[in-house]
C-alpha cells in the first residue's frame with residue numbers, strides 16, 4: 001500500500017501543494033494538464049526529488065528520506081532511460097547484475113519477464129534499433145524484474161502512435177500483483193486502466209476516487225478539465241447531449257472526425273459541445289436534449 005500524506009514540493013516552475021491519497025493493489029491513473037505537478041509527484045515517490053514537507057509511506061515503511069535504490073520502487077521515466085550501448089537482455093538484467101544475483105537466476109528471470117511482456121524475440125536486439133513501443137516494453141521489463149513494491153509510470157504512451165499505444169495498454173492491464181501509479185494527460189487511458197483516478201490542477205489534487213469521478217464530476221474545476229458542458233450548477237457530458245430538430249440553438253462550429261462530428265451549439269447564452277452523425281452546417285438551427293446531468297457542488 002502507498003500512502004502520501006500532505007506532500008509539498010517546489011521544483012523549478014512546478015509545485016505540489018499538500019497532496020494526500022492512498023492506493024492498495026490498484027491501478028491508479030493521475031490525470032492533469034502539462035505543468036500540473038504530476039511528474040513532480042512521481043519523482044518524489046521514486047526518490048529523485050526530496051519533498052519539502054509531507055510523508056511517503058510504502059507498505060508501512062516511511063520512505064520519504066530513503067535514497068532511490070533502497071525504496072523497492074519500479075520507475076519508468078518518460079524517456080525510458082535505456083542504456084544505448086547494451087542489448088535488450090542486458091538492459092533488462094541490469095538491476096539484477098548490480099545486485100549480484102547469480103547468472104542462472106538472472107537468465108530465468110529475464111526470460112520470464114520477457115515472455116510476460118511479449119518481448120522474448122527482442123532479447124538479442126540492440127536497443128537503438130527498437131521502436132518507441134518496443135523500448136517502452138523493455139523499460140517496463142527492467143522495472144518489473146526487480147519485483148518492486150509499486151510501479152511508477154511517467155507518461156508511458158506519450159511518444160508512440162495510437163496502434164502501439166493500444167498494444168502497450170494491453171500489456172499494462174496484465175499487472176495485477178502490485179499497485180501502479182500511472183501519470184498521463186490522456187483521458188482515454190484513465191478510463192481504460194484506472195481503478196482509482198486522481199486529477200491534478202496547479203499542483204493540487206482536486207479529485208480522487210474510483211473511475212466514476214470521470215463520469216460524474218463533483219465540482220466545476222473537475223468538470224471543466226474533463227470537457228463537460230456546464231449549465232448553471234449542472235455538468236453534462238458531450239455524449240449526453242442529443243441534437244434534434246428545433247430552434248433552440250445555433251451551430252457555431254463543427255469539427256469533422258469522419259464518422260461523427262463534434263458540434264458547438266450556442267444555446268441560452270452557453271456554448272454546448274455535442275457529438276453527432278447528423279449532416280449539419282454552421283448557422284443551422286437545432287434543438288438540444290440532455291440525457292444525464294450531474295449536479296455540481
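Quick reminder: no glycine exception, Cβ is built from N, Cα and C everywhere.
Source: prediction; values computed, not measured.
Here is what Swiss-Prot says about this protein:
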- 32, 33, 34, 35, 36, 37, 38, 39: ATP binding site (BINDING)
- 2-226: domain 'ABC transporter' (DOMAIN)
Chain-mates of 32, 33, 34, 35, 36, 37, 38, 39 with C-beta within 8 Å of site centroid, ATP: 14, 185, 200
Three-state secondary structure, which DSSP defines for residue 36 (ATP binding site): coil
Lowest local Cβ density (other Cβ within 10 Å) among binding-site residues: 33, 35, 37: 33
Cβ-based isolation winner (fewest other Cβ atoms within 10 Å) among the binding-site residues 34, 39: 34
Binding-site residues (32, 36, 38), the one with most neighbouring Cβ atoms at 10 Å: 38
